[in-house]
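Working notes for the structure below.
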2 protein chains.
Amino acid sequence: MNIASKIFNSHSKEDGDFFLAMTRILGFKPRKLGVYKKAFLHRSVNKRDKKGNPLNYERLEFLGDAMLGTIISKHLYTEVPAGDEGYLTKMRSKIVSRKHLNELGKDLNLIEHVESKIPKAHFGDNIHGNVFEALIGAIYLDRGYTYCEKFIHDRVIVPYVDIEQLEGKVISYKSLVIEWCQKQKYSFEYEVYEDTGNDPVKHFGVKLYINGKVMAKARATSKKKAEEKASKRAFYALQDRISKN
Amino acid sequence: MNIASKIFNSHSKEDGDFFLAMTRILGFKPRKLGVYKKAFLHRSVNKRDKKGNPLNYERLEFLGDAMLGTIISKHLYTEVPAGDEGYLTKMRSKIVSRKHLNELGKDLNLIEHVESKIPKAHFGDNIHGNVFEALIGAIYLDRGYTYCEKFIHDRVIVPYVDIEQLEGKVISYKSLVIEWCQKQKYSFEYEVYEDTGNDPVKHFGVKLYINGKVMAKARATSKKKAEEKASKRAFYALQDRISKN
């Protein structure tokens, strides 16, 4: 009997659904399901534990925020050996900016699981980032540092952390590619399609055609990101071609 | 052949001394000695790695600061279940305050190992805390999260984190005890003596006499802390006695 069916039998169907949803989001099986439930509990529900302490995601958010900062710090320390303390601090705040965290939470569609007395439409954008941080706090408590690091690596660093772009050296590869095509009088087209495959999160695929030929392909969790990724690939391929001419 | 003598043979005597000093401070054997050396390297030495990147403790400080914040956050999360996010944040900043970190670094006498072109007397107080943070960063890189957590637990949480005192509920147990003795017209005396034993760091012992009898004993890394610890013990013993009368 697998863990999911154990939960189906011993708990409610709701718990089983939540377990499966968490497994998809996390990329591993949660152990203490209650901690994850807390990560999605809005204060408006007004839940309390046996001792009367409020139960909602805000304390987990405090924990997840700290852990996220640490993992990103370690990544920057290793990846940018030339950056001094001030530079590393600046890069870290760009990566863990409110805007960025909201985007991350939105892409994982975390709000779908939020339990609240307030209609979800009434929430501002920050709930996405707050719940994302709380989720990291829950992973830390449930599975410890190593799982936390892996989750942040897979969900934040790999898809989002492009140090050159953060440095503002390149604002958008898409605009660089379009500019180049226009200068060369080449036609270009971004063909976008849904390509979710086995992923829990919606994915988009993009083919970038230049003069009718596929120049680059990419896949990401938003159209914009997929276009940007394909543009970056095309940009480097084009640079390569230009330097060979 | 033990590790220390291996280092004596394969490296310089200086390395061997540094290895032993680090082992005393850390409570475990360092693996990558170079990382710890960096944690004590002041920018005035102007060292660079092979690629020309500056080598000093400032980048490690950035890393250690983040890790310290995370471990303290986890401790507070667990120990203060009734505290909300705002409360936890306030408590954390008290614990990792500049003043507190400087005290920690001073108690471990870290400055003794700092390599610098500037005379040590010219440094401000902050060097103690900065090097302490850098040391945490070095542990993180050398031995990972678990060793970091243990070091912070042993060197910060156990000796320094008294949540009641941080909350300002009790400013000083010593003043409470003195006040009580004066009210009762009891004599009191704090007898302080050096009691370092096998510890790498200087320790002080205190006996608190009330009406000529030893009421409490304590041991800590400063006279003030030892007195406070003995007072706290006496305070609880006295409360106990009062409630039984």
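Easy rule for this one: first residue shown is 1, then count along the chain.
For all residues, glycine too, the Cβ spot is worked out from N, Cα and C.
It should be emphasised that the depicted structure is a prediction, and the values quoted were computed from it without experimental measurement.
According to TrEMBL, the protein has these features:
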ACT_SITE  A:Asp65  active site
ACT_SITE  A:Glu133  active site
BINDING   A:Glu61, A:Asn130, A:Glu133  Mg(2+) binding site
DOMAIN    A:19-144  domain 'RNase III'
DOMAIN    A:172-240  domain 'DRBM'
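Excluding the listed site residues A:Glu61, A:Asn130, A:Glu133, the same chain places A:Tyr57, A:Glu58, A:Leu60, A:Phe62, A:Gly64, A:Asp65, A:Leu101, A:Gly129, A:Val131, A:Phe132, A:Ala134, A:Gly137 with Cβ atoms within 8 Å of the centre of the Mg(2+) site Cβ atoms.
A distance below 8 A between C-beta atoms marks A:Glu61 as the recorded positions from A:Glu61, A:Asn130, A:Glu133 lying next to chain B. Counting only same-chain residues at least 6 apart in sequence, those with a Cβ under 8 Å from the Cβ of A:Glu61 (Mg(2+) binding site) are A:Asn130, A:Val131, A:Glu133, A:Ala134, A:Gly137. Secondary structure at A:Glu61 (Mg(2+) binding site), taken from DSSP and collapsed to helix, strand or coil, is helix. Sequence-distant contacts (6 or more apart, same chain, Cβ under 8 Å) of A:Asp65 (active site) comprise A:Val96, A:Glu133, A:Ile136, A:Gly137. According to DSSP, A:Glu133 (active site) sits within a helical segment.
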